[in-house]
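What Swiss-Prot annotates here:
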type	residues	note
ACT_SITE	D14	active site, proton acceptor
ACT_SITE	H42	active site, proton donor
BINDING	13-19, 41-43, R312, 338-340, 421-423	GTP binding site
BINDING	D14, E15, G16, K17, N39, A40, G41, H42, T130, R144, Q225, T240, R310	IMP binding site
BINDING	D14, G41	Mg(2+) binding site
BINDING	A306, T307, T308, G309, R310, L311, R312	substrate binding site
Amino acid sequence: MANNVVVLGTQWGDEGKGKIVDLLTEDAKYVVRYQGGHNAGHTLVIDGVKTVLHLIPSGILRDNVKCVIGNGVVLSPEALIKEMKPLEERGIPVRERLFISEACPLILPYHVAMDQAREIARGKKAIGTTGRGIGPAYEDKVARRGLRVGDLFDMEAFAEKLKEVMEFHNFQLVNFYKAEAVSYEEVLEQAKGYAELLTSMVIDVTDELDAARKRGDKIMFEGAQGTLLDIDHGTYPYVTSSNTTAGGVAAGSGFGPRYLGYILGIAKAYCTRVGAGPFPTELYDGQEKQDPVGKHLGTVGHEFGATTGRLRRTGWFDAVAMRRAIQINSVSGFCLTKLDVLDGLKELKICTGYQMEDGSVLEVSPMAAEAFEKVTPIYETMPGWSENTFGAKSLEDLPQAAINYIKRIEELTGVPVDIISTGPDRNETIVKVHPFES
């Protein structure tokens, strides 16, 4: 039995991780975020009520769950407070159930200003960041000049460190990007306003999680974004700034890697991507590519980013990219989401290989974005189905063509599909194998 489960995306993000984490946390004591920031967007629908979380772990809607933000997360105090308010208005005791590592780097206004100024300067070569300061905050962390949650315990020392780092960033903003400087006084006053709140939620995350493990408590690690956006293993440079893969769990939470039991990879029954970067099976981008099937996927699937509101690019399921994700994460089983979006399509295609310019065929996706952009997808065509799968709760409720599609994905990837999502509500799910019971 796996007491410690990792839930992560195996595509380009937006796979539906939030719903699945919420579903599985019925049996969990802890839900831990270990990377990313408020660039994530996890949408939960419970009894018809929609909740979008960007920073707070998805387990916050469960009374039995303690939520933890690990050291691998870059934390925006402004975003956290904004997210806490509507939850507390609904009677959810966030301050009693949310805990933060003192080692979390802070995202401050100058990070946001720097992020946005850079994207403007890149012009047509823009990466497509959310503009929320994630990348610059991670840069400061690696450069060892970043401020962390723990620095808020000593505001006098915080003020000195802040002044030094802001001189560095403001010089770049004004002289290189021709943007306005960020006010030191305003940033400091804001920090004084939230210091007490943040420090009151600080715990020793490593010690807390290790004690939970020894007690036999079930722990869920909630990933953000997706494997193909990983800073090291994704389609670089069109990636995020953190390790979105299973390897990021230990580093981003301080939890021993040997204790991780089950890796649940979340994948849509098709593919989507937000922002720039290669996408071999792309059908629709709202501009140059206007395939009607791709438009169907985007419209029926409501493919707009929960964080940015941007239209997602859509395409066929890519088993080649999925094999890379399986290698990197040692995926135990899949959760296939949005199966119901495929309802009504006469035929479906699955990418089974990439043909290169020299005629060779790749069965696993390449590392570099440049190589990705040169591949031609090789497709296998399968019959679709006209029946309605929305809300199905058992395999018996699915048409045979849908079952065949799922089985083919299992054959092509070598990994079982243990969970199938057929709608946005936590109840609209088929659970073949429960990760905590595997």
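Positions of Cβ are set from backbone N, Cα and C atoms, glycine also.
DSSP assigns G41 (IMP binding site) to coil in the three-state reduction, outside any helix or strand.
Across the fold, the C-alpha of K19 (GTP binding site) and the C-alpha of R312 (substrate binding site) stand 19 Å from each other.
For the binding-site residues G13, G16, G41, G309, the greatest number of Cβ atoms within 10 Å around a candidate Cβ is found at G13. The recorded positions close to G16 (GTP binding site), defined as a CA atom within 10 A of its CA, are H42 out of H42, G309, R310, R312. Using a 10 angstroms CA-CA radius around G13 (GTP binding site), the binding-site residues that qualify from N39, Q225, G309, R310 are Q225. Cα-Cα distance from G309 (substrate binding site) to T422 (GTP binding site): 23 Å (rounded to the nearest whole number). Put simply, Q225 is the one of the binding-site residues T130, Q225, R310, L311, R312 whose Cα lies nearest to the Cα of T43 (GTP binding site). With all protein chains in the displayed structure included, the most crowded Cβ environment within 10 Å among the binding-site residues L311, L339 is that of L339.
Every protein chain considered, the tally of other Cβ atoms within 10 Å of the Cβ of T130 (IMP binding site) stands at 24. Max Cα-Cα distance over the annotated IMP binders (D14, E15, G16, K17, N39, A40, G41, H42, T130, R144, Q225, T240, R310) is 34 Å.
Its Cβ placed at the centre, H42 (active site, proton donor) has 25 other Cβ atoms within 10 Å. On a Cα basis, R312 (substrate binding site) lies 15 Å away from N39 (IMP binding site). Just so you know, the Cβ of K19 (GTP binding site) picks up 25 other Cβ atoms within 10 Å once every protein chain is counted.
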